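*Asks:* Okay, here's the structure, questions in a sec.
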Amino acid sequence: MEIEKEFHRLDQAASWAAIYQDIRHEASDFPCKVAKHPRNKNRNRYRDVSPFDHSRIKLNQGDNDYINASLIKMEEAQRSYILTQGPLPNTCGHFWEMVWEQKSRGVVMLNRVMEKGSIKCAQYWPRKEEKEMFFEDTNLKLTLISEDIKSYYTVRQLELENLTTQETREILHFHYTTWPDFGVPESPASFLNFLFKVRESGSLNPEYGPVVVHCSAGIGRSGTFCLVDTCLLLMDKRKDPSSVDVKQVLLEMRKYRMGLIQTADQLRFSYLAVIEGAKFIMGDASVQEQWKELSNEDLDPPPEHTPPPPRPPKRTSEMHNGRMHEHAEFFPKHQVVEEEIRCSVSTAEETVSDGRVFSSVPLITDSTSQDTEIRRRTVGENLHVTAHKEESKSESVEEDDENMMTTWKPFLVNICMFTFLTAGAYLCYRVCFH
């Protein structure tokens, strides 16, 4: 197959970075005037990722129709996608308004809410414990009906209700939970297993509106997902599947949203996934079952937040009764206070892998004066306890010094007496015999 030959050629020549740069230089560039308008600044997660004016999704409610989302229409493949950023706290209502107005049935989420200590997306769907969310700005209600958790993805059944018309719709939420930012999935098999789950649900069918796909910025992981799906569709539709040119398909998609595919590794992975997926297109139905087995989807999922391993205890030495003793210090001084203070501080800045830092709208957290007072009191008590420990330690050292003096005192007295008697005898000898 031609795409496989091209992949091996690029691999052998180590040309992925070069071809990725070529795509960046050849990509379309269109105006983004609406996105850059000052009143829309707080609706953009990143200041350098904006929808083109000609392909942006427009909201129908309210006096501002802007949302950072783009409609990508792949005519030959007969597939449309809405690529958007991870919702901000102030745009969650706009997100679900878009889903409602565009008649979308599926939402594909390719990131976690929190990644490497940074907030990548607001919690825009209800958790198990709360079940429901209300969006007063758009008069919508979202209910969690069911949740199927696999090792690396979760499928949620949601019910979206328009409180104005009392109409309800089923929404399927496909959440890929182990795809790292600026990275690639574990394997083409796991990715294709996920893609075909989305396909089999009917969420991509033409009788529904475009599927909504997002990650954090809505260009890297989202672009990879849509590129692979489109290439496989084209291979299935064309008489000559090998005629599909991945690079040209990506350049076509970039006419609708900037920056799709963020790294050379994501481009390389897209080729790998298309090559593997082509086996199914060419008639090998058994590969789909192989993808499922290789993906290990039935294993336990990783924890949402993996805590760092504990630090080894600090070794300290001290003198006691004239001997040196070592002991492990499991609770270093002020550790409790520092942890308490650290927990009360948060940041809304997000850092991407090329070193840029973008400020997003800060998350709104509920806090009361009572909580603040408790935190202050806890810190004060910890400081008092620490000071008391320091005082006790000082007294203990003084007691040790006194004990040492008591132990050595008889010995020192004997030495002094012996020295005095010897000196006296010597003086008597000098006087009497000389």
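Using the three backbone atoms N, Cα and C, a Cβ is placed for every residue, glycine included.
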*Asks:* Out of Gln123, Gln248, Gln262, Gln288, which does Swiss-Prot tie to the same substrate site as Asp181, Cys215, Ser216, Ala217, Gly218, Ile219, Gly220, Arg221?
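*Replies:* So the substrate site in Swiss-Prot includes Asp181, Cys215, Ser216, Ala217, Gly218, Ile219, Gly220, Arg221 plus, from the candidates Gln123, Gln248, Gln262, Gln288, Gln262.
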*Asks:* Restricting to the domain 'Tyrosine-protein phosphatase' (3-277), what is the model's mean pLDDT?
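*Replies:* A mean pLDDT of 96 is what the predicted model shows over the domain 'Tyrosine-protein phosphatase' (3-277).
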*Asks:* Show which residues of the chain containing Ser50 (phosphoserine), separated from it by at least 6 in sequence, have their CB under 8 Å from its CB.
*Replies:* Cys32, Ala35, Lys36, Asn44, Asn68, Met258
